[in-house]
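Accompanying notes for the structure given below.
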Amino acid sequence: MSDYLLQMNGIVKTFGGVKALNGIDLKVRPGECVGLCGENGAGKSTLMKILSAVYPHGTWDGEILWDGQPLKAQSISETEAAGIVIIHQELTLVPDLSVAENIFMGHELTLPGGRMNYPAMIHRAEALMRELKVPDMNVSLPVSQYGGGYQQLVEIAKALNKQARLLILDEPSSALTRSEIEVLLDIIRDLKAKGVACVYISHKLDEVAAVCDTISVIRDGQHIATTAMENMDIPQIITQMVGREMSSLYPTEPHDIGEVIFEARHITCYDVDNPKRKRVDDVSFSLRRGEILGIAGLVGAGRTELVTALFGAYPGRHEGEVWLDGHPIDTRTPLKSIRAGVCLVPEDRKRQGIIPDLGVGQNITLAVLDSFSKLTRIDAEAELGSIDREISRLHLKTASPFLPITSLSGGNQQKAVLAKMLLTRPRVLILDEPTRGVDVGAKYEIYKLMGMLAAEGVSIIMVSSELAEVLGVSDRVLVIGEGRLQGDFVNHELTQEQVLAAALSQPDSHNNKDRKSA
């Protein structure tokens, strides 16, 4: 009998004559966690769709061996029956159903006569949550009453209830806090010890290094290398993923910092559902020409509320003033903000950044269509010229600007949103989680673009939950905690510990507005 639980040999998948996968191999032993690494568009998702029979046997070439026997599944239900379960990045839970009902969805326990056996399902659901070290979870409550970390655990419990022997985890930590990520990684280690195998897909290479035994890298649809993690480090993984040496994940583009051009004065935002509660409380700061200002803080600190208020997009009541070049400007709506020279690339690009029904080019020119208008017609030639220039400038990978934007990888969708805002020629560019869900190569290009824009005199505000990213690209760092300004640091030998200490400190324990640190 084979030592491997799973063997995918010579997998080839073709779309319209183009090989998306060209001879990919992937092997997983029982109790092993394999990190599947590659840039967006490398073929990771296609490979997992083949494994889980989203693309059934016969639509691809090669072979899959499961426990040494050929697997020729025609449906997801067949692969799940075999013990292969995928947990998608976007969770598949039904918010209004209870935790127990979600765990048993499609596999409900019934009594004679066909009625649901709720006591048995609740008992089994409680046992599964105890196994995942969440003994106090009320499995009778709607799953919507629990946060992202708990919902991720419910998805894992759902998979274990299907007798999963191989878990495929696709970007499992994308919506989790740092503490929730640590819980998730501990649970994966426990599952490994019980013989459950995992394929872990993540752009967060520190997580991959922490939990995976083996790293398998694919690039442009081809298998590059499979190596034991103990013989690898993160820079080596990055080099294999992008196909070139990267001296640093954070490129240093020299840029001069000039005079103060932008000021936020006494910004206060009130909760949409509870108008008496302040989500942002009297925050003031300044920004210099060509400066990159990072905003750090814990989840729920009020960072996104602050920057959406600066752009005129905060849905609740908010107060304060925004000044540019020494004068107050009108930022009551996004359109007024754009016209004043202030632009925002939002946190959730799928809901707020792109229009999925439009093409790549249409999304890019959406904010400046009036500049291509001639009476009642659009100057299509001028519009296409601008689109092509931005695609080239941002190294946006697309076969055609007329393709649907949903056909692009996450990193290239983000570049399209950036291109849209750059066409407005902003003086101040606000980036809210600009690299979330973006692969390491695209991250590098976004950081490099930020440095180039700063060198051109554009002032940048960047919100990020990744402290390493904040420290890697920012000239100055603001720390927000419980809606208040907790620290204003010059980024010279600044450490993650200093930033975290400021984020965790009590808002009234010191005079934040005068706080500077080297």
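The backbone N, Cα and C atoms fix where each Cβ goes, glycine too.
Taken from Swiss-Prot, the feature domain 'ABC transporter 1' applies to 6-245.
Feature annotation from Swiss-Prot assigns ATP binding site to Gly38, Glu39, Asn40, Gly41, Ala42, Gly43, Lys44, Ser45; the stated evidence is sequence analysis. Just so you know, the Cβ of Ala42 (ATP binding site) picks up 25 other Cβ atoms within 10 Å once every protein chain is counted.
Look at Swiss-Prot and you will find 262-507 tagged as domain 'ABC transporter 2', backed by sequence analysis.
Counting only same-chain residues six or more apart in sequence, the Cβ atoms lying under 8 angstroms from the Cβ of Glu39 (ATP binding site) belong to Arg219, Met241, Val242, Ser409, Gly411, Asp439, Val440, Gly441, Ala442. In the structure as shown, the Cβ atom of Gly43 (ATP binding site) sits within 10 Å of 24 other Cβ atoms.
Apart from Gly38, Glu39, Asn40, Gly41, Ala42, Gly43, Lys44, Ser45, the ATP site neighbourhood in this chain, defined by C-beta within 8 angstroms of the site C-beta centre, holds Ile218, Ser409, Asp439. For the binding-site residues given as Gly38, Gly41, the lowest number of other CB atoms within 10 Å of the residue's CB is seen at Gly41.
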